[in-house]
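These notes concern the structure reproduced below.
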């Protein structure tokens, strides 16, 4: 049974972030409790010393408390219940806080824009992982047992049943993204879902598959619903903005009847005329860029080496649209295993620190508590509890990840590109059965395992040689 987050711990965290009156919002991603704050000067950074807290990330308007997978959701739910009993603030306090919030938005616009991706995609990640694991296990069984694609019987039926979830997810994914994106940008979710469905419909009357829209051009202009996720994100943003403008001038009595109607008509027109072509060009450009980086060993090394820094700044969710674009263009996510090497490099760095530390030191205890999650692809406990506070090991961990990325890039350059079978999934050792390639699942698993091994070894060596000098090993 999952261990609950104690109310004492949450009350202590609440006190150290300035009390209920300093909380602007409460949410979570996969591993972090995210508390929006009005005044960051009231936040005590020593939250990270509390037992049960694996790390803390502070920005100008947000406190991110690292708990780990599963626990973050429970912490956010319990914290929301605590905040439900918070005292109401007076108008002067609210006005002062709004001023501070506005200033914070002006100084962290890029970070807040990228945070939108977390709002859009984080609710979908458990589904990505579940569908990807089922597909990976089914593919592995079919490969090992040599089950033909057209085989009949109980086992083939069971394997097809395990694969159907991935097909369903990716067939209708744009609708889920459209719904979440419209809400994230301040609009109505169902309007975003309807607009996203326009990208899913077919506009070729001669096609024998798909869902025909009923027309093949838009008042004589050709329709080309390319761009998929990129176009849907742009369209959902436009839909939310248009809805806000329409609602501003709509009488209250007509709001429910006409606001969505007018919003959909205007947004759909923009989608057919501008957004679909624009999304297609952006999609092709993004796919070309990252496919060429993926096939360039040095590009892979740079991507893997910098990914831990993206995690620290909380902008790693910005890669998810790229993952989806690569799934559309390649049939697998070739970027994800490259970026996963960052976590493997950190495991090697942590093992080096453990080796160099004193037998009964606090550092060894910290590594023991964080190494298993690290091996399984959950890197935050190692980042915030072990490597980042000591800085040099964090740098050598990045170098270890870069070495793993270089290895995968070299293998792709030599003719065996591989990737994740889903847009998103677990990293670390858990991701092994999710790897796939044109040559099959077993070669892809071997390449990924080789990359992890290279990152472990290089992270260990770099940290032993360069990451332990003048570093606190107690």
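Glycine is no exception: its Cβ is also placed from the backbone N, Cα and C atoms.
Annotated by Swiss-Prot as transmembrane segment, the relevant range among 124-144, 418-438 is 124-144. Relative to the membrane, residue 206 and residue 417 occupy the same side according to Swiss-Prot. Across 124-144, 181-201, 261-281, 394-414, the stretch most heavily in contact with the transmembrane segment (302-322), judged by Cβ pairs under 8 Å, is 394-414. Tertiary proximity for the transmembrane segment (441-461) is limited to same-chain residues at least six positions away from its ends with a CB under 8 Å from its CB atoms, namely 136, 139-140, 143, 304, 337, 340-342, 344-349, 351-352, 355, 396-397, 399-401, 403-408, 411, 416, 418-419, 428-429, 431-433, 435. Within the same chain, residues 294-309, 334, 337-339, 341-346, 348-350, 352, 383, 387-388, 447-448, 450-452, 454-463, 466-467 sit at least 6 positions outside the transmembrane segment (394-414) and bring their C-beta atoms closer than 8 Å to a C-beta of that stretch. In the predicted model, residues of the topological domain 'Periplasmic' (356-368) average a pLDDT of 85.
Remark: secondary structure over the topological domain 'Periplasmic' (356-368) totals 8 helix, 0 strand, 5 coil, with classes taken from DSSP.
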